[in-house]
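Visitor: Annotations per TrEMBL:
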{"type": "BINDING", "residues": "D261, S262, S263, G312, I313, G314", "note": "NAD(+) binding site"}
{"type": "BINDING", "residues": "G314, G316, C319", "note": "K(+) binding site"}
{"type": "DOMAIN", "residues": "98-163", "note": "domain 'CBS'"}
{"type": "DOMAIN", "residues": "167-225", "note": "domain 'CBS'"}
Amino acid sequence: MAFYFDTPSRTFSEYLLVPGYSSADCIPANVSLKTPVVKFKKGEEPTLTMNIPLVSAVMQAVSDDRMAVALAKEGGISFIYGSQTIENQAAMVTRVKMHKAGFVVSDSNLTPENTLYDILDLKERTGHSTVAITDDGTSTGKLLGIVASRDYRVSRMDKNTKVSEFMTPIEKIVYANKNVTLKEANNIIWDNKLNSLPVLDDEGKLMYMVFRKDYDSHKENPLELHDSLKRYVVGAGINTRDYEERIPALVDAGVDILCIDSSEGYSEWQARTIAWVREKYGDTVKIGAGNVVDRDGFRFLAEAGADFIKIGIGGGSICITREQKGIGRGQATSVIDVAKARDEYFEETGIYIPICSDGGIVYDHHITLALAMGADFVMLGRYFSRFDESPTNKVNINGVYMKEYWGEGSARARNWQRYDLGGDKKLSFEEGVDSYVPYAGSLKDNVGMTLSKVRSTMCNCGALSIPELQKNAKLTLVSSTSIVEGGAHDVMLKDNRNL
Ligand code: RVP
């Protein structure tokens, strides 16, 4: 006979947090949202943590390099979508790793033989005005000079003028050697009133550039997430088909963490993919897996060696898997069940595997609920798709600005690998829709507001950290009548609030 779960599966809106004692120290400014991303042994520190518990979904409409930089600045991680060619995905990862924050591999390089026309063309393509002039025109060639906007006047100069005639030559450039720290580099920049500082190796070859504007930006973003070279942290989605080619390209590009992107992760394909990573890279390459919704799925992926495990089937805003296939489970129940399995696994083995609640976050307080139920972080698609930084078009529909948002299982994305069960290389039926979401402005403003609500609720629960919230939270189911009472009721609203 089939197995029946004793209780119905439930979603976030069916729960509320009951406040606990808040001491005088329990103020939002004292709350830390730091959270582990990869598994670690009891008593040890995880090798990758985030400063906020948010990651952006592995979706065409959500996570490209621009989103990744914006989210890393706030302390979270984007998983760059995998439903594109290996070359394009690796190029996006490279762009994030080269972007800002301290030591940057120069992305604008020419030789002295190039012309002003080439400089202008490069500036147009990269948006960067400082060009390193090296002997071979690469980012690691011997540095011969620098061209910045002040070195030329477009209106007065022939576009065929050679770079060698107007660059600032190396003899006149202030540079630093390879052992310089970021702090020292910034001091040199300030003392010499520079906009950029090249960092050279012993042979005079270019290693990095340090830009003045990056230092300013760092001061504005105290939670931003860096690797050991002060580059932004970035993730990438992979599939269980072309991983032998895709993963090496992503690793070469500098990706910090991978995630197998699949609508259903309790499968031999995922175990094979993780085993391949371990055989080739040992523990140096970190890889999350999923999605699962119960203890069995969690145990399977834990034993397969996943670094984190993602939860959720059918709860995504654009997802119609439950309708189409009749599989899935309420997101809150899935998180509660998997968190129990994670804690049990930790007791047994001393290994803590972070879990991620993926999809179905409708209101900001759902994030706090997911964390209280045991999630270490949450993955959001619809939420991030509404921001300036998402890759999609902003369109005006009947006077209201919207952004486009489509599922990976929609005909538009054609991400058949995400729904692959080893059959044909095509999407046989849709599991997602194409939609609009209300445009909401910048990521920074929205994430700031969302997290201030999370911190505030955590204080109501007497928790100053996510582990404290997970340990001490009191949750209650609510009746459907109480849910109605949870919003404004029995009054006539003066304006239509868009919550
Ligand atoms: P949401 O944040 O509710 O928009 O959900 C995003 C999640 O939905 C993704 O992280 C992914 O797990 C899932 N998804 C993506 N595409 C589709 C689909 O087409 N069905 N579902």
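For all residues, glycine too, the Cβ spot is worked out from N, Cα and C.
Model, not experiment: these values are computed from the prediction.
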Visitor: For K(+), what surrounds G314, G316, C319 with a Cβ no more than 8 Å from their Cβ centroid?
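Guide: My list of surrounding residues reads S263, G312, I313, G315, S317, I318, I320, T321, R322, G328, G359, G360, G407, E431, G432.
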Visitor: Measuring Cα to Cα, how many angstrom lie between I313 (NAD(+) binding site) and C319 (K(+) binding site)?
Guide: 9
Visitor: If the NAD(+) site is taken as the center of the Cβ atoms of D261, S262, S263, G312, I313, G314, which further residues of that chain fall within 8 Å of it by their Cβ?
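Guide: My list of surrounding residues reads E264, G265, G290, N291, K310, G316, C319, T321, D358, G359, R418.
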Visitor: Where does S263 (NAD(+) binding site) sit by DSSP, helix, strand or coil?
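Guide: Reduced to three states, the DSSP call for S263 (NAD(+) binding site) is coil.
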Visitor: Roughly how many Å separate the Cα of S263 (NAD(+) binding site) from that of G316 (K(+) binding site), to the nearest whole number?
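Guide: Approximately 10 Å lies between the Cα of S263 (NAD(+) binding site) and that of G316 (K(+) binding site).
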Visitor: Could you state the CA-to-CA distance between G312 (NAD(+) binding site) and C319 (K(+) binding site) to the nearest Å?
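Guide: Each residue's Cα considered, G312 (NAD(+) binding site) and C319 (K(+) binding site) end up 11 Å apart.
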Visitor: Could you tell me which three-state DSSP class C319 (K(+) binding site) falls into?
Guide: strand
Visitor: Which of these binding-site residues (D261, S262, I313, G314, G316, C319) have a C-beta closer than 6 Å to some atom of ligand 1?
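Guide: The qualifying binding-site residues are G316, C319.
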Visitor: Give me the count of other Cβ atoms within 10 A of the Cβ belonging to D261 (NAD(+) binding site).
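Guide: D261 (NAD(+) binding site): 28 neighbouring Cβ atoms within 10 Å.
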Visitor: Around C319 (K(+) binding site), how many other C-beta atoms are within 10 angstroms of its C-beta?
Guide: 24
Visitor: Taking the Cα atoms as reference points, how far is G316 (K(+) binding site) from D261 (NAD(+) binding site) in Å?
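Guide: Cα to Cα, G316 (K(+) binding site) and D261 (NAD(+) binding site) are separated by 14 Å.
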